[in-house]
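Some features that Swiss-Prot has for this protein:
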type	residues	note
BINDING	LYS13, VAL14, SER15, GLY16, GLY56, ARG60, THR163, GLN164, TYR169, ASP172	ATP binding site
BINDING	GLY55, ASP75, THR136, GLY137, ASN138, PRO139, PHE140, PHE141, THR142, THR143	UMP binding site
Amino acid sequence: MTLALQYKRILLKVSGEALMGGQSFGIDVFVADRIATDIAEVRAMGVEVAIVIGGGNIFRGVAVASHGGDRVTGDHMGMLATAINSLALRTSLTKLGVETVVLSAVAMPQICESFSQRKAIGYMNQGKVVIFAGGTGNPFFTTDSAATLRAAEIGADVLLKGTQVDGIYSADPKIDPTAKRFDQLTHVEILQWGLSVMDTTAVTLARENNVPIIVYSIHEKGGLAKVLNGTGRFTMVSE
């Protein structure tokens, strides 16, 4: 896709798994540094950047429920995992000289500030990167839903989801080599066809608030800037 894109404010969703690199658990510091370098590159282009990070590299709340435990407690543990990842990415960005603030949906004043919409927008207007930790602050909601919610709250021009592949496919291309890749889709098509790019709540929230979604591979060095320049490979989701 070669459509030229012009975005002033973006929200980037990074999965926790992306931070693992080749590991089976935790954070690969070199991967975190590379992702931070991509973010610093687009920040230098004048783009305002907010980020939501998942926690799946450390813990998933559904894992507790699947073993007979309390889902709410499990999701609270997952929220803490997103805070760990947020602090790690802030560290990587700070090393590059990028001013970064972590705002959490769950109060932890000795570690980071609590989220408020006005505070987030204020920091972005100052040129700082803002990382949203703690998901939505409520159980039963994914970090994809949190990303869509925050994108709507801060008035982001687009929500970018960095994934393991270079767009949205009809099936997992790592499993099905015949899977069809899409250049463009609508929110309704994702919902109707049951495409597994985001959960239904996240896609519906994006549709209702006119938040376009771009899905691209987070593993390509410099890939974020390429997408924003319209030269990368990605899938655009809009109405």
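Sequential numbering from 1, following the chain as shown.
Backbone N, Cα and C atoms are what each Cβ position is placed from, and that goes for glycine too.
What you are looking at is a predicted structure, and each value in this text was computed from that prediction instead of being measured.
Once the Cα atoms of LYS13, VAL14, SER15, GLY16, GLY56, ARG60, THR163, GLN164, TYR169, ASP172, the listed binders of ATP, are compared pairwise, the greatest separation found is 24 Å. Of the listed binding-site residues SER15, THR136, ASN138, THR163, the Cβ environment within 10 Å is emptiest of other Cβ atoms at ASN138. Counting in whole angstrom, LYS13 (ATP binding site) lies 12 from GLY55 (UMP binding site) by their C-alpha atoms. Taking a C-beta cut-off of under 8 angstroms and a sequence separation of 6 or more, TYR169 (ATP binding site) has the following same-chain neighbours: ALA179, LYS180, ARG181, PHE182. Within the set GLY55, ASP75, THR136, GLY137, ASN138, PRO139, PHE140, PHE141, THR142, THR143 that the record links to UMP, no two Cα atoms are more than 15 Å apart, and one pair reaches that distance. Summary: among the binding-site residues (GLY55, GLY56), the fewest other C-beta atoms within 10 A of the C-beta are counted at GLY56.
Between the binding-site residues LYS13, PHE140, THR142, the minimum number of other C-beta atoms within 10 Å of a residue's C-beta occurs at PHE140. On a Cα basis, PHE140 (UMP binding site) lies 22 Å away from THR163 (ATP binding site). Taking the mean position of the Cβ atoms of GLY55, ASP75, THR136, GLY137, ASN138, PRO139, PHE140, PHE141, THR142, THR143 as the UMP site, the remaining residues of that chain whose Cβ falls within 8 Å of it are GLY61, GLY78, MET79, GLY135, SER145, ALA146. When secondary structure is read from DSSP and collapsed to three states, THR163 (ATP binding site) falls in the strand class.
Taking the Cα atom of each, PHE140 (UMP binding site) and SER15 (ATP binding site) are about 17 angstrom apart.
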